[in-house]
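One structure is given here, and the rest of the page talks about it.
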Amino acid sequence: MEAVAAIKPLIRVAALSGSLRKGSYNTGLLRAAIDLTKESVPGMQIEYVDISPLPLINTDLEINGTYPPAVEAFRQKILEADSILFASPEYNFSVSAPLKNALDWASRAPNVWADKPAAVISTGGGFGGGRSQYHLRQIGVFLDLHFINKPEFTLNAFQPPQKFDAEGNLIDEVAKERLKQVLVSLQAFTLRLQGK
């Protein structure tokens, strides 16, 4: 009986990468997160949600209260998720255009981001994508997203030791452990907000 009581309810996480590049390190972080949940974060299931099919936001595409099929499918994925994991690259000190586009489409009435717990991770040069996180958190205030505060996760992809392999997969064990702590924190926060 004790073992059954210890099982956590399943949390479904929608994972979005703001980078569309095939070998994206930010998307690599999401692949690592998916692997980590399978290995060592029971009760959490992450689904990568591709934002590349979304057209540029244009309200002329909204017809009789419906959205283009790619947008409808995307909005449904967000609606069904218990929480959101963003991998946000830094473009010119801010979030990338594809990610902002996805945020905007899912914010159209009814706003499907509302009341979702969220976490953001980033990698890149310099500050490791950290400035994009501040802007994403600001946007999240309007969207009623509830970001975990700690731990923060930024990763300088170009500092030794090597962080990613040639395919963009995370290979640094220290970074993987830090990433796991983000997932554990998001899981706990999601359960708390759900009252479980």
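We number each residue from 1, going along the chain as drawn.
Backbone N, Cα and C atoms are what each Cβ position is placed from, and that goes for glycine too.
Heads up, TrEMBL stuff is auto-annotated, nobody curated it.
The domain 'NADPH-dependent FMN reductase-like' annotation in TrEMBL covers 12-157.
Counting residue by residue with DSSP, the domain 'NADPH-dependent FMN reductase-like' (12-157) contains 56 helix, 34 strand, 56 coil. Taken as a whole, the domain 'NADPH-dependent FMN reductase-like' (12-157) shows an average pLDDT of 97 in this prediction.
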